[in-house]
Amino acid sequence: MKYDSILETVGNTPIVKLSSIAPAHVSLYAKVEAFNPMGSVKDRLALAVIEDAERRGALKPGQTVIEATSGNTGIGLAMVCARKGYPLVIVMAENFSIERRRLMRFLGAKVVLTPAADKGSGMLAKAIELAETHGWFLTRQFENEANADVHSRTTAQEILRDFEGERLDYWVSSYGTGGTVKGVARVLKEKRPETKIVVTEPDNSQVLGTGLPDRFRPHPVQGTSPDFIPKLTADAKSAGYIDQVLPVNGGDALRRARELAVREGIFVGISAGAAVAAALKIAETAPRGSTILAMLPDTGERYLSTPLFDDVAVDMTAEEEAISKSSPSNRFDIRPAPAPAAATAPAAAVDAEAAAFVDKLIREEPALLFALEWCEFCWATRKLFKAHAVPYRSIDLDSVAMQENDWGGRVRRAVGARVGGPTIPQVFIGGELIGGNAEMFEAARNGELERLVRAAGVTFDAEAKVDYGSLLPKWLKQKSAA
Ligand code: PMP
């Protein structure tokens, strides 16, 4: 298929049968919204609210768009605004997973955080205030009818099409704004009145079931069940679209999300786990031959820093260690054997031109780094210089500029002869050798770096609060923290 724009790929998500985790007496299907371009159901809403506002003239070319969102709406809006050229500001509570913030910023959006203690209603209040202060266009996902309408026009039609002539006894969904629920349920109520509409919420936070917002408690099902009943959700409830509100345990939602990954190969988020947990509860008492469809709102990649991944190891597990030890090479539990003397390559001769070049740099550059362009230890050293605002010169030995006649290689050998080993990076301050990455961080921690930098007459920001560990390659940090 060819498309004129990424926006044309929103919707038309697949419905997949869950054969491994479903009991034999029912057919359990899942609508996998992770297939949307930015990986969630909210891509539908993002495109719909922007195009609706454009049609109504409520959104002017170049006007800033703003929304309060737990992430998926912001990520969808970031895609739509990037493609259509609108600046975007997202307001988000600080406790939502950090990969969401960085994703939105990667797509060019600005992300403003609100305190976790102020919950969903706090972030919404901040978005309204910013919109009023600056005359920005607030998409109002919690009450915007375009949110429900897009689900009637797309999601519901896809379901009708895919179950045409077949049974559909239950449709199961979580709710965030309630756009999915209101939009899909009103179509199913009309076209498939036999289909029971089941909405799930966390069992420790039964706001919808009781109608009492003060029953809200923190729960792990991000993006759903806020501390208030959104208008679109209230509409669906008062219209009688919801046949059952089914509480699901947060731990069960996490477990089912993991089960979907391990047993079905379907990698989705926590609210998908909640919907499947609810669907499996329905299945327990459903008559033989029943067909159940669960909504899986987003991809599991959005949850790497959340409890969903808490039990996923970083280091090798005992089982993996056993696999490692089951064959001789590349094992962490035995020291690498020293290379046999005969195999050691004779040291290549250092040429005078390269040696002179290196000497001159060391003499003249107050803060000097011999590096490889993308070596991660070189990056850590550059970040360390930057963190203390030290101007430095980096000689990138593998850069295109140094490739001709192996000039970079010749300079590297000259540096190696000078420091007594082949390790890169190598740092010199005021003509004095600090050493490699490890020595550089040690010197930063013990004050030696500051002393040498100042003696060399270069600026050093000693006030900067630097978390040195955070500058190192992530895998190294995790290893040393373990
Ligand atoms: N699950 C997740 C992960 C979400 O981000 C959302 C939307 N915030 C939903 C479910 C619920 O979708 P809706 O807003 O249409 O009720």
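Just so it is clear, glycine is given a Cβ too, placed from its N, Cα and C backbone atoms.
Any TrEMBL annotation is an automated prediction that lacks curation.
Just one of Asn12, Asn36, Asn72, Asn405 is listed by TrEMBL for the same pyridoxal 5'-phosphate site as Gly176, Thr177, Gly178, Gly179, Thr180, Ser271, and that one is Asn72.
A Cα-Cα distance of 13 Å separates Ser271 (pyridoxal 5'-phosphate binding site) from Lys42 (N6-(pyridoxal phosphate)lysine).
Sorted by the number of other CB atoms within 10 A, the binding-site residues Gly176, Gly178, Gly179 start with Gly176, the lowest.
Note on the binding-site residues Thr177, Thr180, Ser271: the fewest other CB atoms within 10 A surround the CB of Thr177. All chains included, 30 other C-beta atoms sit within 10 angstroms of the C-beta of Lys42 (N6-(pyridoxal phosphate)lysine). Within 8 Å of the Cβ centroid of the pyridoxal 5'-phosphate site, not counting the listed residues Asn72, Gly176, Thr177, Gly178, Gly179, Thr180, Ser271, the chain contributes Val41, Lys42, Leu45, Ser174, Tyr175, Val181, Gly223, Thr224, Pro297. For the domain 'Glutaredoxin' (369-434), the number of residues in each DSSP class (helix H, G, I; strand E, B; coil) is 31 helix, 14 strand, 21 coil. In this structure the residues listed as binding pyridoxal 5'-phosphate are Asn72, Gly176, Thr177, Gly178, Gly179, Thr180, Ser271; their two most distant Cα atoms lie 15 Å apart.
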